[in-house]
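Colleague: So Swiss-Prot says this about it:
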BINDING   Thr49, Cys50, Asn51, Arg52, Ser109, Glu114, Gly115, Gln116, Gln120  substrate binding site
ACT_SITE  Cys50  active site, nucleophile
SITE      His99  site 'Important for activity'
BINDING   Gly188, Ala189, Gly190, Lys191, Met192, Ala193  NADP(+) binding site
Amino acid sequence: MNIAVVGLSHKTAPVEIREKLSIQEAKLEEALTHLRSYPHIEEVTVISTCNRLEIYAVVTDTEKGVVEITQFLSETGNIPLATLRRYLFTLLHEDAVRHLMRVAAGLESLVLGEGQILAQVRTTHKLGQKYKGVGRLLDRLFKQAITAGRRVRTETDIGTGAVSISSAAVELVHRQVDLSSQKTVIIGAGKMACLLVKHLLAKGATDITIVNRSQRRSQDLANQFPQAQLTLCPLTDMFTAIAAGDIVFTSTGATEPILNCENLTGCVINRKSLMLVDISVPRNVAADVHAMEQVRAFNVDDLKEVVAQNQASRRQMARQAEALLEEEIAAFDLWWRSLETVPTISSLRSKVEDIREQELEKALSRLGSEFAEKHQEVIEALTRGIVNKILHEPMVQLRAQQDIEARKQCLRSLKMLFDLEVEEQFG
């Protein structure tokens, strides 16, 4: 069995492609069940964020397993395979392990070192367990990656001063207008909306309206910023709020655009401009709004220029983080390679146990039934103790052997000397 990751990210695919493959949490159980139904996928889980969709899997046949994952993505996004392959990346074995460690540490994020991804990796692990996708290998891998991400944030300064998607979106607007004089509307009341409010207030915004379907969630958000006096608006009045606003941020979990050229037309009559900043994936704002003369629209891919200026000063911190990651990669690799010994050890124990039982039966039959009944438990314990003591030290040394080639040679010798039949499980 081997570990593989197949996916795409902000580095390989535009938002138009990423949004088609986004898997919302409500659909995750169905997706994992579908993936596990393929014949060559043993374990699987999915990281799905606004900037990446990555499927981590333990496969019994690497080539066939990757083909199955690619086919799943093509069907999920309704994207022809020939088109999809241009945007996908595939990483195998240690490269897949290293990639997850880098993702958890924030080194693969649009915003280098951002902290939100570690929580998303942790959620991926928990949901993978909940929906029976994560088994022994992925469980250990994700735990090691979470440890790696936590170490990077506590032992380096990479998380200090990092911009986030939300802060980059606010900075993008701040560079173009004076936020203190603008009426700002936020559609959505989740974590991203909360961060938007925080960064808007820091940049001097004073007139902020929250539009959301759930009045309770809107109020919960407003309670976190009592000094801001946020205006709360039900979703039914969304277009009234937009018509009165100058800047609109969208951050909802909608799977289809909620704003488009047709439904915004009435909001821009008799006005010079409306700025739309969509930080959702899938997008909340349809591409056709770019045709509207009064509208300036941006999405997450437009934030790269803002983010780039924050990256240069963080490269040295990233190098420190990479050194830590190598330690965690080595720790996982040592554990993973030790699994190679399991089938051989099990086969040897089974063979020795068969011999013990056969010889014990012969001895008891010679001793007679009266003696056997009286002393069988003692003799049984004696023979088990001898077998366990003989096998214990070689097994400990075999598992502890860090030299991969030396361990493989030991395994080959055991198979030959004891004529063991071993089913290979890991490669």
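The backbone N, Cα and C atoms fix where each Cβ goes, glycine too.
Model, not experiment: these values are computed from the prediction.
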Colleague: For the recorded NADP(+) site, enumerate neighbouring residues of the same chain (Cβ within 8 Å of the Cβ centroid of Gly188, Ala189, Gly190, Lys191, Met192, Ala193, site residues themselves excluded), in sequence order.
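Modeller: Filtered neighbour residues, in order: Ile186, Cys194, Leu195, Leu196, Leu221, Ser251, Thr252.
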Colleague: Do me a favour and check the Cα-Cα span between Thr49 (substrate binding site) and His99 (site 'Important for activity'); whole Å is fine.
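Modeller: About 16 Å separates the two Cα atoms.
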Colleague: Of all the binding-site residues given, Gly115, Gly188, Gly190, which residue's CB has the most CB neighbours within 10 A?
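Modeller: The most densely surrounded of these binding-site residues is Gly188.
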Colleague: Pop the Cα-Cα gap between Asn51 (substrate binding site) and Gly190 (NADP(+) binding site) into the table, whole Å please.
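Modeller: On Cα coordinates alone, these residues lie 17 Å apart.
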Colleague: Cβ distance under 8 Å to Asn51 (substrate binding site), same chain, sequence separation 6 or more: which residues?
Modeller: Ser9, His10, Arg18, Ser109, Leu110, Ile165, Val281, Val300
Colleague: Would you list, in sequence order, the residues of this chain other than Thr49, Cys50, Asn51, Arg52, Ser109, Glu114, Gly115, Gln116, Gln120 that have their CB within 8 A of the centroid of the site's CB atoms, where the site is the one recorded for substrate?
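Modeller: Everything else in range on the chain: Gly106, Leu110, Val111, Ile117, Ile165.
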Colleague: What Cα-Cα separation, expressed in whole Å, is found between Lys191 (NADP(+) binding site) and Gln120 (substrate binding site)?
Modeller: 12
Colleague: Rank the recorded positions His99, Lys191 by how many other Cβ atoms lie within 10 Å of each Cβ and give me the one with the fewest.
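Modeller: Selected from the recorded positions His99, Lys191 on minimum Cβ neighbours within 10 Å: Lys191.
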Colleague: Which is it, of Ser109, Gln120: the one of these binding-site residues whose Cβ has the most other Cβ atoms within 10 Å?
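Modeller: Within the set of binding-site residues, the most crowded position is Ser109.
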Colleague: Taking the residues Thr49, Cys50, Asn51, Arg52, Ser109, Glu114, Gly115, Gln116, Gln120, which the record names as binding substrate, find the longest CA to CA distance and state it in Å to the nearest whole number.
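Modeller: Largest pairwise Cα separation, rounded: 15 Å.
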Colleague: Have a look around Ala189 (NADP(+) binding site) and count the other CB atoms within 10 A of its CB, chains all included.
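Modeller: The answer is 25.
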Colleague: For the C-alpha pair, I'd like the distance in angstrom between Met192 (NADP(+) binding site) and Gly115 (substrate binding site), rounded off.
Modeller: 13
Colleague: I need the nearest neighbour of Cys50 (active site, nucleophile) among the recorded positions His99, Gly115, Gln120, Gly188, using C-alpha distances.
Modeller: Gln120
